[in-house]
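Taken straight from Swiss-Prot:
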SIGNAL    1-17  signal peptide
BINDING   H18, H101, Y185  Cu(2+) binding site
DISULFID  C56-C188  disulfide bond
CARBOHYD  N92  N-linked glycosylation site
CARBOHYD  N152  N-linked glycosylation site
BINDING   H174, Q183  O2 binding site
CARBOHYD  N192  N-linked glycosylation site
CARBOHYD  N227  N-linked glycosylation site
Amino acid sequence: MNPTFFVVLHSAALACAHTIFQRVYVDGVGEGHLSGIRIPESNWPIMDLSSNDIICNGGVNPYHEPVSLAIIQVPAGSTITAEWHPTIDDVNTTESIRPDHKGPVIAYLAKVPDALQTDVAGLSWFKFYEDGLSDDGSWATDRLIANAGKVNFTIPSCIQPGAYLLRHEIIAVHKAQTYPGAQFYMECAQLNITGPGSVVPSPTATFPGAYGSTDPGITVDIERLINYTVPGMPAEG
């Protein structure tokens, strides 16, 4: 085989294995492709838990320009559908992530002064959704694949209204026997949450820092797994 062709083929296969969060639906109504999300050009994972890139991506994976200035209007208590695909060309509408990339799917929110602010360091994130390994041996990523790259979760109905960032994440742990091995795919969407709520959720955590390299959900051999602990704090809905 021609070496150049092999490299191109190998790179294409790796790219198809990876994934990007690229569309939001609010109660079933689509917000538009790439709208309201900070989208990287590359679908490569973040693997360094100490890097600020673990917050909203970017950095080593520069954002697709122009970065969306849309703010997604979300009533508290509504259902969000997040859609994942390997590329951002809006052509692939069924593939999401390669089936061997097993792992959890997670969602966090952080209240911010401005949903368009570029400084995301030091934000207080609370987890409100997680899906990991089910009793039947299927993973959250299996369910994502079966649903053509879509996952649904409910925005808490009681939280304070205002500007938020939604940090949506897939952690692929198929090669996580040692650190760095787990692959972190995340993007942040810009939300304005409306409603009469007044609750300030807790506990919260900051990124970097929410995950440790020796956490049981980060360094794990899924071939010898009996049960799985989703990384981070418990999800509070």
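Just so you know, glycine gets a Cβ as well, placed from its N, Cα and C.
Within 10 Å of the Cα of H18 (Cu(2+) binding site), the following recorded positions from the list N92, Q183, C188, N227 place their own Cα: Q183. Checking Cα-Cα distances from H174 (O2 binding site) against the recorded positions (N92, H101, N152, N192) with a 10 Å cut-off leaves H101, in sequence order.
Of all the binding-site residues in the list H101, Q183, Y185, the shortest Cα-Cα distance to N227 (N-linked glycosylation site) is found for H101. Take the Cα of C56 (disulfide bond) and measure to each of the recorded positions N92, Y185, N192: the nearest one is Y185. Counting only residues at least six positions away in the same chain, the Cβ atoms of H18, T19, I20, F21, N43, P45, I46, W84, I97, E169, I170, I171, A172 sit under 8 Å from the Cβ of Y185 (Cu(2+) binding site). Nearest neighbour of N152 (N-linked glycosylation site) by Cα distance, taken over the recorded positions H101, Q183, C188, N192: C188. Of all the recorded positions in the record (N92, H101, N192), the one with the smallest CA separation from Q183 (O2 binding site) is H101. For the Cu(2+) site, the Cβ centre of H18, H101, Y185 serves as reference, and the other residues of the chain with Cβ at most 8 Å from it are A17, T19, N43, P45, I97, R98, I170, A172, Q183. In three-state terms derived from DSSP, H101 (Cu(2+) binding site) belongs to neither a helical nor a strand segment and is classed as coil. Listed in sequence order, I71, I72, Q73, V74, A115, P161, G162, A163, Y164 are the same-chain residues six or more apart from N192 (N-linked glycosylation site) with CB atoms under 8 A from its CB.
Cα separation, H101 (Cu(2+) binding site) to C188 (disulfide bond), rounded: 21 Å.
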